[in-house]
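Have a look at the structure below, then the notes.
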Amino acid sequence: MQQTKKLTHSDITIAVMSGPFLQRGEPALVSKWYRTKMALACGVDLVVELPYAFSTQKAETFANGAISILNALHVSEICFGSEDGQIENFYNTISVQKNEEETFNRLVKQFMNAGNSYAKATSEAFLHILSSEKNIDMSQPNNILGFQYIKAILMQNSSMQAQTIKRFASHYHDETFNDQHIASATSIRKQLFSENSSFTEIEPFIPKATASLLASYKQNYGTLHNWEQYFSFFKYKLMTMSPEDLRHIYEIEEGLEHRILSKIQTSSSFHSFMEALKTKRYTWTRLQRACTHILTNTTKEEIHCANIEQHAPYIRLLGMSQKGQTYLSKNKKKIELPILTHTKTFDHPTLHIDRKANSVYFSIIQEPLRTQLLKQDATHHPIRYDETTAKFL
């Protein structure tokens, strides 16, 4: 956050945040409301939600949804972390892909026909068409997402400028901590769910407010969220589904339903199920997203109705600082999308999916807290934060 503000000289900062389930196809550690508090305490001025229909998707769709929201909010610059760290290289790679589009598409098809996943086939195709050092490594996850952010900016004819900050010391999938007080999300999650987990172990790697809120959530609700806690629900659901039922679920393609129903029979944990399920053709992340759609019963028809090829249909406001509130007041007449401060009286196919996802997310919380959380989610007004006193209002 500090580097972003230094690089962009921004007046305010806006974060577009996933709801209960993430782009990797797994539940968020804590609720979006707690994560909103974390963001505000770390210097973000406006926190808005990326709907489930965009947030649990491949990088292209995820980026398209996020950029459409930022564009509607009249954001002038976007800043993202990447393994490359040079924004010119992203634009150059996009230019090369456009000029070599026919060759690129042929190579992707060729590598997929050889049994590779779409992600692997795309990465290999880029290796073949990119030769200059001024191109980015498209096998790296943050480079891929940044590439899609810029493509979305260009496709939406936005005047938004892009900046990138180089990630260092810790890579996206690193599972261990290093001695530079920088850790990946993967390593933090692994530590939190280890046998002798302790918040003390992760405190040097995250902001003080984040550590405090993580501990508070676990104390208040008795848990942090990960896939294993949903596995019994997930397995029960699959045991009651037919191949035909599964084929209606979003991202279940090419006979994957038969493999899923076969592997679930002997799996005793989500991790063992994923180990049995994964193949050269299907990446772990791709399969996790499919599993998320099974868990939330998100169908192909529902995603079709959400019209994800277009922009996000609304802006769900989760939190704001005083500066953020001032920005919205000054610009609300220019913002074309409806801004939702609660969802009790609003209806939309995309929001219907979000409500289901929230219900599933809180299913592991004990009653009566679970029902309270579900009711609050629809009526919850944006969290307000006074940045001068560092207190929530």
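Numbering starts at 1 and runs along the chain as displayed.
Each residue, glycine too, has its Cβ placed from N, Cα and C.
For Gly81, Asn142, Arg167, the entry in Swiss-Prot reads ATP binding site, with the evidence type sequence analysis. Classification of Gly81 (ATP binding site) by DSSP places it within a strand. There are 17 other CB atoms within 10 A of the CB of Gly81 (ATP binding site), with all protein chains counted.
For the recorded site, Asn142 (ATP binding site), the DSSP three-state label reads helix. According to DSSP, Arg167 (ATP binding site) is assigned to coil rather than to any helix or strand.
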